[in-house]
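Record features (TrEMBL):
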- 3, 4, 5, 6, 7, 8, 108: ATP binding site (BINDING)
- 7: Mg(2+) binding site (BINDING)
- 25, 70, 125: substrate binding site (BINDING)
Ligand SMILES: Nc1ncnc2c1ncn2[C@@H]1O[C@H](COP(=O)(O)OP(=O)(O)O)[C@@H](O)[C@H]1O
Ligand SMILES: O=C(O)C1=C[C@@H](OP(=O)(O)O)[C@@H](O)[C@H](O)C1
Ligand SMILES: [Mg+2]
């Protein structure tokens with residue numbers, strides 16, 4: 001989900017466990033030489049999604065913590081790539097938390113269909129994240145550090 005904390009948590013998690021860190025939003029921006037929002041504004045959602053899918057499918061995730069965009073859940077082949085070579089973590093936070101963090105939704109580059117509200121997006125995606133994750137971490141009310149601790153614990157001691 002956008003703003004659930006993937007980028008913030010991911011970079012500190014990588015540092016904590018001594019792995020490489022990759023943020024696929026940054027890989028897209030570097031590849032395209034444009035900000036995500038510029039890309040969506042000038043070339044459209046469909047173009048953005050094609051580039052995003054390509055980057056997600058081809059990223060080398062070996063020994064890396066990879067923070068994707070929230071829209072990663074739309075690409076089955078990318079999910080397969082991540083599942084086969086890594087552990088997919090869903091950082092689960094309530095809608096109200098996402099809403100309060102996303103005050104910059106129009107400049108941040110969230111891929112929403114015309115007329116779609118943030119709540120629609122949340123309700124549409126939440127079951128997809130649940131279904132595709134190897135690990136669901138309930139991060140409601142947790143700090144970044146507590147979320148990282150919970151992720152590490154869950155991976156070390158799977159139930
Ligand atoms: N556990 C947390 N508690 C409070 N704020 C957080 C937490 N995790 C992330 N944030 C804040 O939420 C915003 C979105 O975080 P970000 O890491 O960019 O999310 P994502 O990569 O999932 O879109 C940032 O302003 C970040 O500081
Ligand atoms: O959920 C989305 O539709 C998106 C989330 C963004 O990343 P974050 O999830 O890191 O905000 C970024 O990939 C893109 O703007 C689309
Ligand atoms: Mg991010």
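The backbone N, Cα and C atoms fix where each Cβ goes, glycine too.
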| note | Candidates 5, 25, 125 (binding-site residues) with CB under 6 Å from ligand 1, in sequence order, are 5
| task | With an 8 Å cut-off on Cβ-Cβ distance and a minimum sequence separation of at least 6, pull the same-chain contacts of residue 4 (ATP binding site), or say none. | result | 70, 91, 92, 93, 97, 98, 139
| request: Would you mind ranking the binding-site residues 6, 125 by how many other Cβ atoms sit within 10 Å of each Cβ and giving me the lowest? | output: 125
| Quick one: largest C-alpha distance among 25, 70, 125, binding substrate per the record, in angstrom? | 19
| message | Out of the binding-site residues I have (3, 4, 7, 8, 70, 125), which ones have their Cβ sitting under 6 Å from ligand 3? | response | 7
| task | Just the binding-site residues from 4, 7, 8, 70, 125 whose C-beta lies under 6 Å from any atom of ligand 2, please, or none if there are none. | result | 7, 70
| field | Same-chain residues at least 6 apart in sequence whose Cβ lies under 8 Å from residue 8 (ATP binding site) | value | 144
